[in-house]
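K.L.:
One structure coming up, written as structure tokens, with questions to follow.
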């Protein structure tokens, strides 16, 4: 970096007080967001591609805010850059900040005279603090010489990630392009529903809780483009409700109760809930005996529905094989879960004959693993997940469709190919997207002629319990096998195994929290009392081996 560039960063940085991490009360975040603006610009220079920066705190309360970076692929910031992101976010002085950037630029060999200047797309959710934080992000971007920032306005987080991915693929990427791609691929899927099922119009209405956030607002736009769908949006933010307060997917999934604005009159209606920035989705139905109780359909069941549908389409491709040279293209379908996935969902997926693999907790691990397959599906129970299609498999589908158009147009084989292509366009392959996920769920339920009840009955969740145990040092716990086995300290895993063996269908694991000095305990068993008892026994072991229980 030359002296002119260094002084530009020092001068701009001096305007902002010291940073306070990536997600916090909005009033103390400007410095962090400014620095992440620099980071997004450096990432753009390094990759010679467009990157994105999103101002949101997702499902946190309205006074909080935060910042996320979209890598050129549309995914999250590459893990290799995370230590640098932490370092600059916490750097104590403008001079130290410049020193860190200078060292990193040399190490990464980032050129400031490259063919392409840095280009960043900016977005924010509906939080009142978003506007001033967006300004801080712009100043961060502009402190890198030649960098440009385009404000895309108020968006869902997945929309911004979609735009970054699309732009870097040379496609049009306005918000209208996003809506048109989702609505046209949804219509295509619905048009491919077997005729005998189209007549069955039961269970048509869908009521969606928009978490009083940006997702409700955007779903209203989509709803107008999909006049065939009967969608009612509640908690859109326009009725005066507070973002994420007693509403939203995170609240519904964790508390297992109805969000505000849902009542006994909604019994029998299919309901869904988005989170604050619309990257999570869960479904639920109100129970007739008690308006506050719900039958929850979480991310595990959304994954199961998607996996079942895609497996059916791949089976049609196999059954209808002909003399096509590449007819034996054996598409590898992989389902990716974490240890928090309910054991009943894993059993169901395995009974379907699917390949199920586990990764450590965290979307970045799930996404990375899913990308290894021709079709990789991942979801967390909280409703965040998506489907990834390999470029090779999509090219094969395109070629197959072209060939079938001339040879056997309208055949079951071609319809299966077209359905898979429509899914690849409908689902947001950059990140989990509640809006595209919701449309895919609706299209598959129509295709199957299923009610909410049919879907919910795919399997029955095993009762589970999660606990936290305060410990002296969370780093004393080292896990393996996707966090299901404790390697250190010694002997604790054997003790956990002894407890687990006492309960029918028992399963339990512990893992260190990523953010606080606690150990997280997960337990499940055939009945709730057993899950509770197992969780308590394992929590006691964690305290005995690691907590304050043995500190005397």
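Sequential numbering from 1, following the chain as shown.
Heads up, the Cβ atoms here are built off N, Cα and C, so glycines get one too.
TrEMBL lists these features:
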type: DOMAIN; residues: 48-82; note: domain 'Alpha-D-phosphohexomutase alpha/beta/alpha'
type: DOMAIN; residues: 115-168; note: domain 'Alpha-D-phosphohexomutase alpha/beta/alpha'
type: DOMAIN; residues: 173-282; note: domain 'Phosphoacetylglucosamine mutase AMG1'
type: DOMAIN; residues: 298-450; note: domain 'Phosphoacetylglucosamine mutase AMG1'
type: DOMAIN; residues: 481-540; note: domain 'Alpha-D-phosphohexomutase C-terminal'
K.L.:
Looking only at the domain 'Phosphoacetylglucosamine mutase AMG1' (173-282), what are its DSSP counts of helix, strand and coil residues?
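P.N.:
DSSP composition of the domain 'Phosphoacetylglucosamine mutase AMG1' (173-282): 43 helix, 16 strand, 51 coil.
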K.L.:
Residue list, the domain 'Alpha-D-phosphohexomutase alpha/beta/alpha' (48-82) vs rest of chain: Cβ under 8 Å, 6 or more residues beyond ends.
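P.N.:
Distant Cβ neighbours of the domain 'Alpha-D-phosphohexomutase alpha/beta/alpha' (48-82) are 22-26, 29, 32-33, 36-37, 39-41, 114-116, 118-125, 127-130, 133-134, 137, 141, 149, 155, 157, 160-168, 211, 242-245, 248-251, 275-277, 279-280, 363-364, 367, 429-431.
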K.L.:
Is it possible to list how many residues within the domain 'Alpha-D-phosphohexomutase C-terminal' (481-540) are helical, extended or coil according to DSSP?
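P.N.:
The composition, in the requested order, is 22 helix, 17 strand, 21 coil.
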K.L.:
What are the DSSP helix/strand/coil residue counts across the domain 'Alpha-D-phosphohexomutase alpha/beta/alpha' (48-82)?
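P.N.:
Secondary-structure breakdown of the domain 'Alpha-D-phosphohexomutase alpha/beta/alpha' (48-82): 4 helix, 13 strand, 18 coil.
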K.L.:
Per DSSP, what is the residue tally for the domain 'Alpha-D-phosphohexomutase alpha/beta/alpha' (115-168) in helix, strand and coil?
P.N.:
25 helix, 13 strand, 16 coil
